[in-house]
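Trainee: The structure follows.
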There are 4 protein chains.
Amino acid sequence: MSGSTYGTQFKVTTWGESHGKAVGVVVDGCPAGLPLSEEMIQSYLERRKPGQNKYSTPRKENDTVVIESGIFEGKTTGTPISMRVVNQTQRSKDYSELASLYRPGHADYTFDQKYGFRDYRGGGRSSGRETIGRVAAGAIALELLKQLKITVTAYTKSIGTITIDYSRCNRENIEKSPVCMPDLEASRQAEEYLKQQMEKKDSTGGMVECIITGMPAGIGEPVFDKLDANLAKAVMSIGAVKGFEIGSGFQAASMNGSEQNDEFCVDEMQRVQKKTNYAGGILGGISDGSEIIFRAAFKPTPSIGQLQNTVNNNGEAVPIIVTGRHDPIIVPRAVVVVESMAAITLVDMIFQNMTSRLDKICEFYMK
Amino acid sequence: MSGSTYGTQFKVTTWGESHGKAVGVVVDGCPAGLPLSEEMIQSYLERRKPGQNKYSTPRKENDTVVIESGIFEGKTTGTPISMRVVNQTQRSKDYSELASLYRPGHADYTFDQKYGFRDYRGGGRSSGRETIGRVAAGAIALELLKQLKITVTAYTKSIGTITIDYSRCNRENIEKSPVCMPDLEASRQAEEYLKQQMEKKDSTGGMVECIITGMPAGIGEPVFDKLDANLAKAVMSIGAVKGFEIGSGFQAASMNGSEQNDEFCVDEMQRVQKKTNYAGGILGGISDGSEIIFRAAFKPTPSIGQLQNTVNNNGEAVPIIVTGRHDPIIVPRAVVVVESMAAITLVDMIFQNMTSRLDKICEFYMK
Amino acid sequence: MSGSTYGTQFKVTTWGESHGKAVGVVVDGCPAGLPLSEEMIQSYLERRKPGQNKYSTPRKENDTVVIESGIFEGKTTGTPISMRVVNQTQRSKDYSELASLYRPGHADYTFDQKYGFRDYRGGGRSSGRETIGRVAAGAIALELLKQLKITVTAYTKSIGTITIDYSRCNRENIEKSPVCMPDLEASRQAEEYLKQQMEKKDSTGGMVECIITGMPAGIGEPVFDKLDANLAKAVMSIGAVKGFEIGSGFQAASMNGSEQNDEFCVDEMQRVQKKTNYAGGILGGISDGSEIIFRAAFKPTPSIGQLQNTVNNNGEAVPIIVTGRHDPIIVPRAVVVVESMAAITLVDMIFQNMTSRLDKICEFYMK
Amino acid sequence: MSGSTYGTQFKVTTWGESHGKAVGVVVDGCPAGLPLSEEMIQSYLERRKPGQNKYSTPRKENDTVVIESGIFEGKTTGTPISMRVVNQTQRSKDYSELASLYRPGHADYTFDQKYGFRDYRGGGRSSGRETIGRVAAGAIALELLKQLKITVTAYTKSIGTITIDYSRCNRENIEKSPVCMPDLEASRQAEEYLKQQMEKKDSTGGMVECIITGMPAGIGEPVFDKLDANLAKAVMSIGAVKGFEIGSGFQAASMNGSEQNDEFCVDEMQRVQKKTNYAGGILGGISDGSEIIFRAAFKPTPSIGQLQNTVNNNGEAVPIIVTGRHDPIIVPRAVVVVESMAAITLVDMIFQNMTSRLDKICEFYMK
């Protein structure tokens, strides 16, 4: 029991409920010497903030992060970095009627089964607000990766039945699209699609794709801690994710070996390369130096304004309409959460890899 | 660095290379009092053994397990259980020519990048023989789950383009099908499909589906150690797996909330149930008491007899034909590996859950 | 790298520097259902607060704890409990002159060696204020143990050359003694001794003894995670502790087997007992049901007002007088820290032990 | 529950009972490139082997180690190293009469309490034979440390009432003394003392001291994973150890700050040094670059030939004479076990430290 800590060398511990005093995170294992400020962290948090466009909840949450430890004169000191965001929406009245009901698609029932009771206000610990801690920690991981010239870029690949067309994609468009789709035509169609869902008081799912560039070859441990296995866990631990795939992913199941195998070649700078990348940048659980590419499937937002049937904690059948205004889709706000979890995983595995070779350890300590 | 241990309360450490003296596993954290014998473990190992039909490599491997510790008078003692299978095929000559080549789709290149050199005989540590340790440990986990009336059943869902039809499925057929497909008509088509691949000296991918019954509600930790996140890691850590999904999985991305949300109801015995199971038995990372259902996509066997282009460790372009006889598909032999990794994860999470509630802890220690 | 998290099932992560915004702790793995309030935590913190008598620093620190998560309607919810104490003494001017000096007996030099630089204000992360997090977490652990009828009582065994006489000890005197010595005569002598040290601008060491009652037999894991090994780590991780011993401890080195061996007998209620307790309540790393008794040796407070010789970070010899007012002894304020670390360890091991026997696991889940 | 694995980056998992088929260890996390052979491991095992002189049990145990994985062409590959020693003394008849008895000073009673029953043959898992795995793993750690020019040297400091005199000590004498005492006069007295104990069918305790040279400054994590805290756990996890102290140790409790504080100075090569070493080489949990020195107190061998009173598992009082021939002292054979546990801990902490500073990480990956 526990499970609020992720990572072995770069350890992230999130805490906080949606309607408690605050939510936060402690990052232990950040090396000394990284320039870091609240402004830097805040810029990542802005990307997951609600109320930014008409497809996200209009709740106003001024999620302002405060760094409370681990920084001295603008740089990390190597000691734990504690970050905290005060919850401003602590009114409980909106939620009290849900205290005894089990909302379909939510964790109400399973929390009650596990703990005997639950903090029913706004989802408590299973609220999307828990991801504030992930993004704050992810911001640090992303800044560390920058120092190693590694980039992590996620975007919306699909919303409902609307999928991006790679021939029209341009990463610079991610920020121009209100739904983080780098294909602006698909983005417009997706907005239309979302409008329809909102009219029906319904929601929809979607997919996030993530591309990592600049990864050195050799990162990942070959058996249980394969880099792709750890990415899968990291991404599947985001609420609402129902699937994860890397490279050719589920398509690989119907491919032949002669297609899936990426042939090796040598580029003009005599570096080993793969001609194709069905592997998605990882072979045998270890990065091969090419782009890492993975996708995650998100289920539709479970909070919908339609009438649904459910039961209460007395085992009585009751109807439910989830009031309040909820995002018709989780995906655009989840993009930065996916980047965060990927970055945290990469940093942890990059750190773990440093003891793979005796010659490098000797060089580290003895020069 | 390390990564050969999986689990926190039920810890599994595999060791061994394909052409070393032996492969094995240490299971630490198995409770005292479980009846266990080498015969029981062996029956699980038989299911992954090669040479059982024409679609698996005809290499004869008498993978006979020996239990070397942790059992006394037919029962586990609570101390580590060490199990070991001697490698009989230690001839290195088949592989020496591969010492300097990077086989496409294999981990040769990434091992060299990580460690500076590699044991090139038969894949070394990245060989499928590593899964012998997983299956031996999984056998213990599956026996523990039996005591809790929990079953874990995996089978082949697809081979290449051939997919089972649920209307024709019958779990009893799994063992009758040489490719572990519970739909015998699909099984025959799949055999035909495999024959074609073998004639082309090619291989194919496929999917495994796994169903878990009897899980109590409340298992899984709500944030990073979600039950589905840990299942994803466990399954993605099996070599050749490129994707994982639970419940509606990737389909959820194009569904609406009103479809995906499983309404709650009460059955005739007044137990809370879900009318549908798009969730796949897990809500908010915690089991809801219904069937858990997940799928994994396997890439095609990378060893194929066709000519492929690659490079060697001097950066020279060289052609390669992977000789020897290899399975045209990994999936049927991987079915028991998927069951094993799922079972190990379930046991670990069931153990972790025991400290969720103070009243139950007091009852445990004070009655 | 990291090391600010302790425990496996009951996980404690402290954060914060002495002159940062705040110090705090996240406790992950506390079971649901424990009554908990800020007042309860505060009462433990009061015991380590400075300025309570003339032998502790007169700095006024209103260390007021706030619980920010994990509690709902007065009870723990099973999710992480985040607790925080704002640092009121953030003035840095007292310390700036120490920025380049290495104080003898302090961690200044080793922090610089490890991290390249350090937060030099008031000891930074190596400050005694870090123990606020330990005591807040320990308070929860001690409350959990109360529910299981287990008590943990530490007290000052010696101060400098003054040692308690067991024939005059009475646990109720611990709170009456300003230096936590249950022998009030020794307590008076110790006060006199401390006064002498203060006059000399010197400090002194001392010993803490800790007694645990009510422990069920069977707690502790037999190899590396022996209960006494984990207690040793927990206690040695408190700054200034130089030694740990259990039961007969260092005396055992000169004893004979016929003395050290505790003979077993049966009491009037037919329970197995030991006639003596040289073992200190633990045999083979596992609790035997009798009192656990251990001792820790604390070095003298390193901050002293005498002139000392040292060097600065340019390698120049410089004299140093550590100004400010510091405790002449750490021990009385450390008593509650020892209790805390012991309690955290006990809870963790009690939780780990719950999966030792299959029959009890089956009973837990299947009745 | 579990506890047979030690370490985070350099992970050691021991397995095996005294009368099972074999005992062994898996070392996961050894970097690639270390020259290693069975002969090297064996030379360390010889130092703990029984029957080497008249003060150790005359049981003949040909503890021949076999390395079964992780080595290729004479060097470690970075994958798990599995090592195994077959138990030759599997006869159970000597022990069957002890099945129901609780030997004083042994773990019989606590194992029964924990697990419900036990493998009563020769101590089962709590047998001293478990340390074979520790020494085999320690041999690898010691070889790794050699590559970093770090030495770990333990020896007998006292046996019963006989203590070495440092003025007569010479490390080269350790191997000349049958009881590993570097003061040959004390060694002779100790032999005489042991002879007396044997005549009385009694046993005695003793102390081991360990000195580590060549440690770079900066190793150890500042809060819970202090280097001295981890050394304490490592050493206290050896059966029979009742106390651990570092530097001035328990003496520090009666010292003044002006004595205990080691003043800093600069040597002729402009390196920072301490004038004294009461700290024992560690400040604030982090190595300071000077010699690390610690001591461990071992209790007397609990198996003695005298009549003792005990109870059986029916709660009946019974007399017991532990037959068979047992070492009258554990210490000389434990010397190499202490070195092993220290070395494993040092390697783990040296590995963990590699991610302390961003500049060094960037240099590692980007040059």
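Each residue, glycine too, has its Cβ placed from N, Cα and C.
A TrEMBL annotation is a machine prediction, not a hand-curated record.
The structure displayed is predicted, hence computed values, not measured ones.
From TrEMBL, here are the annotated features:
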type    : residues                                                                                           : note
BINDING : D:Arg48, D:Lys54                                                                                   : NADP(+) binding site
BINDING : D:Arg125, D:Ser126, D:Ser127, D:Gly284, D:Lys299, D:Pro300, D:Thr301, D:Pro302, D:Ser303, D:Arg325 : FMN binding site
Trainee: Look up D:Ser303 (FMN binding site) in the DSSP assignment and reduce it to helix, strand or coil.
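Mentor: The three-state answer is coil.
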Trainee: Since the record lists D:Ser127, D:Thr301 as binding-site residues, which of them has the fewest other Cβ atoms within 10 Å of its Cβ?
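Mentor: D:Ser127, out of the binding-site residues D:Ser127, D:Thr301, has the fewest neighbouring Cβ atoms within 10 Å.
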Trainee: Which binding-site residues (D:Arg48, D:Arg125, D:Ser127, D:Lys299) come close to chain C, taking a Cβ gap under 8 Å as close?
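Mentor: It is D:Arg125, D:Lys299, listed by sequence.
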Trainee: Quick check: in three-state DSSP terms, what is D:Ser127 (FMN binding site)?
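Mentor: It is coil.
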Trainee: Cα of D:Arg125 (FMN binding site) to Cα of D:Arg48 (NADP(+) binding site): how many Å, rounded?
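Mentor: With distance taken Cα to Cα, D:Arg48 (NADP(+) binding site) is 17 Å from D:Arg125 (FMN binding site).
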Trainee: For the binding-site residues listed here (D:Arg48, D:Lys299), tell me which residue's CB has the most neighbouring CB atoms inside 10 Å.
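Mentor: Answer returned by the neighbour count: D:Lys299.
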Trainee: Please report the Cα separation of D:Arg48 (NADP(+) binding site) and D:Thr301 (FMN binding site) in Å, rounded to an integer.
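Mentor: Taking the Cα atoms only, D:Arg48 (NADP(+) binding site) lies 15 Å from D:Thr301 (FMN binding site).
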Trainee: Counting only residues 6+ apart in the same chain, whose Cβ is under 8 Å from the Cβ of D:Ser303 (FMN binding site)?
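Mentor: Set apart from D:Ser303 (FMN binding site) by at least 6 residues yet with Cβ under 8 Å, we have D:Arg103, D:Gly105, D:His106, D:Ser203, D:Val322, D:Gly324, D:His326.
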Trainee: Sequence order please: the binding-site residues D:Arg48, D:Arg125, D:Lys299, D:Ser303 that have their Cβ under 8 Å from a chain B Cβ, otherwise just none.
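Mentor: Sorted by position along the sequence, the hits are D:Arg125.
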Trainee: Pairwise over D:Arg125, D:Ser126, D:Ser127, D:Gly284, D:Lys299, D:Pro300, D:Thr301, D:Pro302, D:Ser303, D:Arg325, annotated as binding FMN, what's the top Cα to Cα distance to the nearest Å?
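Mentor: Binding-site diameter by Cα atoms for FMN: 45 Å.
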Trainee: Just to be sure I understand the packing, how many Cβ atoms besides its own are within 10 Å of the Cβ of D:Arg125 (FMN binding site)?
Mentor: 29
Trainee: Taking DSSP three-state, what's D:Arg48 (NADP(+) binding site) in: helix, strand or coil?
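Mentor: The three-state answer is helix.
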